[in-house]
């Protein structure tokens, strides 16, 4: 990835964005093509891989296992709430071969930033997943949802792809049916061996996706390329669910965003995010119907998220 950009290149990109013509022919609010594959990792409970154009490539695996409920916390009310909920553990790692910026110690900080962003959304009040349904025995056992994302290649717009791939992987994830019985020693549980009884995690459809809006000059764009990212004054990460409701907003970059432009960027992020989720879910449903006819096949699908 280039670390420097000439004044002529910067002016070319800024002027192009101002006239709604980007270097690759897209408009300001156009995504590159997104190609999705699901069910690639046989040992995982669910998995997905998404490629953005000819560049950014993200693989997400979800592993569901039984663990202890989280009882940590100084507040008794918080501990009581946690004792009746399952857990979601996120980890994002950038492969050093994906980009030069992921090599060396600097990659650890970047990995932590991506992990914290994903974890903050999925474990927050707007995360979508019904964590209470993941509790098996209150105060004892629960389902632990481990989400591991690996960045295989990089060509910009990383966070958006991590969220889109995670949503597709959660759609592909199945949890075994739990059978709870009461004995003299208390509650005990067992699992159904019939995979037909396995169910998706309740609330996966409410998991938000992310739209990164980058301020370039006096305008903003979505799905910035690495070269465009070098001209960004500020960026705004907007997380939105399938109903178009804003779940979170996070500002990045050293530049400022005027209040009027800030409102416009948030509204744009909500509209585009809802559109992306709609297109993704349509393709996932179509793939599921095709997979039911061809057992064991891995579906490959693509869609444009242009507004």
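The backbone N, Cα and C atoms fix where each Cβ goes, and this holds for glycine too.
As annotated by TrEMBL, domain 'Exoribonuclease phosphorolytic' applies to 31-176, 207-269.
On the 0 to 100 pLDDT scale, the domain 'Exoribonuclease phosphorolytic' (207-269) averages 93 in this prediction. Sorting the domain 'Exoribonuclease phosphorolytic' (207-269) by DSSP state (H, G, I as helix; E, B as strand; all else coil) yields 15 helix, 26 strand, 22 coil.
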